[in-house]
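These come from TrEMBL:
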type	residues	note
BINDING	T43, S44, V166	FAD binding site
BINDING	Y223, R278	D-dopa binding site
DOMAIN	5-324	domain 'FAD dependent oxidoreductase'
SIGNAL	1-23	signal peptide
Amino acid sequence: MAAPKVAVVGAGVVGLSTALCVAETCPSCSVMVLSDQFSPNTTSDVAAGILIPHTYPGTPIHVQKQWFKETFTYLFAISNSAEASEAGIHLVSGWQVFKNTPKEELPFWSDVVLGFRPMSEAELQKFPQHRFGQAFTTLKCDCPPYLLWLEKRLKATGVQMCTRKVADLWELHSEYNIVVNCAGIGAHQLVGDEKLFPVRGQVLKVHAPWVKNFIRDGDGLTYIYPGIHRVTLGGTREKESWSLSPDPGTTKDIFDRCCSLEPSLRGAQEMKVKVGLRPSRWCVRLQREVLSQGGVKLPVVHNYGHGAGGFSVHRGTAKEAARLVRECIAALQGSTSKAKL
Ligand code: FAD
């Protein structure tokens, strides 16, 4: 069989990292990223990019932990390299604070992040409305720089990128041997997945260079995540809302909530408001499927539905998607050699 042609649909963090894993682990393939939008116009550009996992109820915890660990290890190595600044990856320490002690004092990811421990009384004094807290160090991606860094890595590996809206995965069958679907919330229409729904998120990006530690309310709704250039203030979780327009009332509410956690934010400047639709699902759809029409087959690997935690697990799910692509190649090679017999 000639070099298998692989199309990856989608250029958010999931599509770009999946294309990179495929190119790295299947060097005989020719890989093309097809997407109607690239950075800075994807949901991934809006994300805060902190590595704190979101839990997928339909995915076994050990699998989620493995995805998170692989992603943490990968980004930790970048943060320790000369690439860190260009890739927008850095370590950040901070606190997750709770008004009441949570049922689960040790989340499943507590031994993956660095230095996880209960907050001391002295630290808790900073948060008079909260009774319990966890301190740890994790990683943060500044999302647009990280996406551009991934694109640069892809070009260096020989992967091509093309702006194209795909109306139906089947339209790719005559040009590609394998299609990888990383369309995020776009998969709702692209493959008619009714289990996929948007969870709208609005965030503020502000200039507040004195804020060095992250602060996250335990319910995950209010957060302050300092990046290299801007601090992300959040947020909202609006299930089934497709609106991409910023809401001024929500902006004020987010800002007030964040200022009650970190009053010095009242002096923040240069506020920008962003909205994104989290591609949410009971579990990430990470599986093979074979489309077939009139005896012609098209192997597809789905990798979408990362909801509120795409940055936290992207490398782990990209590695698994690349493994599924290798299975598709082996199946295609098997059928080609059988046909020759
Ligand atoms: P996207 O970034 O949406 O990419 C999908 C791509 O597919 C796009 O390029 C799109 O143009 C393309 N596409 C779609 N349909 C088609 C089509 N028919 N044809 C061609 N191309 C198509 N996660 C974390 O881990 N940490 C955080 O701190 C965090 N904060 C967040 C804050 C907010 C406000 C939001 C909204 C999300 C946050 N997330 C966070 C979640 C994270 O952003 C997502 O899980 C992640 O970006 C999903 O990536 P994706 O590549 O699947 O989707």
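Any Cβ shown, glycine's included, is placed from N, Cα and C.
Automatic prediction, not curation, is the source of TrEMBL annotations.
What you see is a predicted model, and the numbers here were worked out from it, not measured in a lab.
Sequence-distant contacts of the signal peptide (1-23) (same chain, at least 6 residues past either end, Cβ-Cβ under 8 Å): 29-35, 37-39, 42-44, 47, 141, 143, 146-147, 150-151, 153-154, 157-159, 161, 166, 169, 172, 175-184, 186, 190, 303-304, 306, 310-311, 314-315, 317-319, 321-322, 325, 329, 332-333, 336. Taking the binding-site residues T43, V166, R278 in turn, the residue surrounded by the fewest other Cβ atoms inside 10 Å of its Cβ turns out to be V166. Taking Cβ-Cβ distances under 8 Å and a sequence gap of 6 or more within the same chain, the neighbours of S44 (FAD binding site) are G12, V13, V14, C143, L147, G184, G310, F311. In the three-state DSSP classification, S44 (FAD binding site) falls within a helix. Whole-number maximum of the Cα to Cα distances across the FAD-binding residues T43, S44, V166: 19 angstrom. If you measure from the Cα atom of R278 (D-dopa binding site) to that of T43 (FAD binding site), you get 7 Å. With a cut-off of 8 Å between CB atoms and residues at least 6 apart in sequence, the same chain places A48, I50, F214, I215, R216, D217, T232, L233, G234, G235, C258 near Y223 (D-dopa binding site), listed in sequence order.
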